[in-house]
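Chemist: TrEMBL feature annotations, pasted as is:
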BINDING   H67, L69, G94, E115, D143, N158  S-adenosyl-L-methionine binding site
DOMAIN    74-243  domain 'Ribosomal RNA adenine methylase transferase N-terminal'
Amino acid sequence: MVFGSWTGAIIQNPRGRRGEQALRRVFWGICNFDARMAGGKAERKGRQAPQQQRFQGIQFDKAKGQHILKNPLIVQSIVQKAGIKSTDIVLEIGPGTGNLTMKLLEVAKKVIAVELDPRMVLEVTRRVQGTPYQSHLQVIQGDILKTQLPYFDICVANIPYQISSPLTFKLLSHRPIFRCAVIMYQREFAMRLVAKTGDPLFCRLSVNTQLLARIDHLLKVGKNNFRPPPKVDSSVVRIEPRNPLPSINFKEWDGLIRLCFNRKNKTLGSVFRQKAICAMMEKNFKTHQALSGALENNGEADMVMQLGDTTNDASMDMDGDVDTMDEDMDGSGVPSTFKEKALTVLKEYGYDDKRSSKLTQEDFLKLLTAFNKAGFYFS
Ligand SMILES: C[S@@+](CC[C@H](N)C(=O)[O-])C[C@H]1O[C@@H](n2cnc3c(N)ncnc32)[C@H](O)[C@@H]1O
């Protein structure tokens, strides 16, 4: 008999038999209630239930982020908030023992679940066997980060937290664009995703994800809703990719944002005075010059276009030879031209005394355009 891992929810639910029965109704009727009760009695007597960290003999592997969502009300709420239609294909990442999967199958046309652990693949497959949903579930065994994602309308997942960042960007770069993703993250990561300009947690992650998607916090989930409980609290977040996406070079954008948030509470003026940053900008400048062919064709026009107004800049003597700038040092080891030019751009646009933590998406876009116009690149 296949039974769900809600065992823990029942065992640890302090609301007594009535509460247990209410929760049982929420389940999908495939649980072996007797087995749960046996475990429950052991737990109530203060004895360690033998299957505490196990399910059907499976030892949960914390290194794979195996914290099973044991509270059916939370699962219910996640599925409800996802707004799944009966025509939707849902992508689930890490189905585990299938608690969320079974609820998703009740409302979706199809669920495609990608799971790393073969033991879990077996378990979720077994769990759906003999139910009306058997043919609606496709399980792919593999690492989600290395798997080519199939078409899906919605992604719903309680993910292993260690892959939060690469997974989020993998989803956001997936095409065709999906309708939304409803994902459980570690609370702090979730708060960074939704942080707005001026919030203490506003960071590179907030700026980058909010460029690509609208992000809303949906639900706080305490650690005791999982088995075994993780060390941190969690939150469910809704990610709705922007469509169309802003037409910018994302590598360039991220390069600038990375620099700006390196020291997010310093003024941009002091960020761009740093030796390492000036050196990097000089290197990128030369690379872009070389790639655009300006060095070969001695192109005056290219230089003017790339560098803006260079008429008062002795080192930019319009012969197209950027090496001449190496002579123009200010003692920091970096040609002062680059530093001065970068600072001129910042001043011109009013950003030299601004701090990254206080800038909006629009400000960063303006800044990137201004820098690119002046020949500065960040990738
Ligand atoms: C937090 S558990 C969620 C289990 C289940 N969805 C639930 O809510 O109870 C994360 C699941 O992701 C799986 N997993 C870990 N790393 C993965 C990866 N790189 N790709 C796919 N699945 C992964 C784990 O084996 C585990 O089953």
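Each residue, glycine too, has its Cβ placed from N, Cα and C.
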Chemist: Where does H67 (S-adenosyl-L-methionine binding site) sit by DSSP, helix, strand or coil?
Modeler: coil
Chemist: Which of these binding-site residues has the least crowded Cβ, counting other Cβ atoms within 10 Å: E115, D143?
Modeler: D143
Chemist: Just jot down the residues in the same chain as H67 (S-adenosyl-L-methionine binding site), at least 6 apart in sequence, with C-beta under 8 A of its C-beta; none if empty.
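Modeler: Expected: F60, N158, F226, R227, P228, P229, P230.
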Chemist: If you count the other Cβ atoms within 10 Å of each Cβ, which of the binding-site residues L69, N158 comes out on top?
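Modeler: Output for this query is N158.
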Chemist: Taking the Cβ of G94 (S-adenosyl-L-methionine binding site) as the centre, count every other Cβ atom within 10 Å, in any protein chain shown.
Modeler: 24
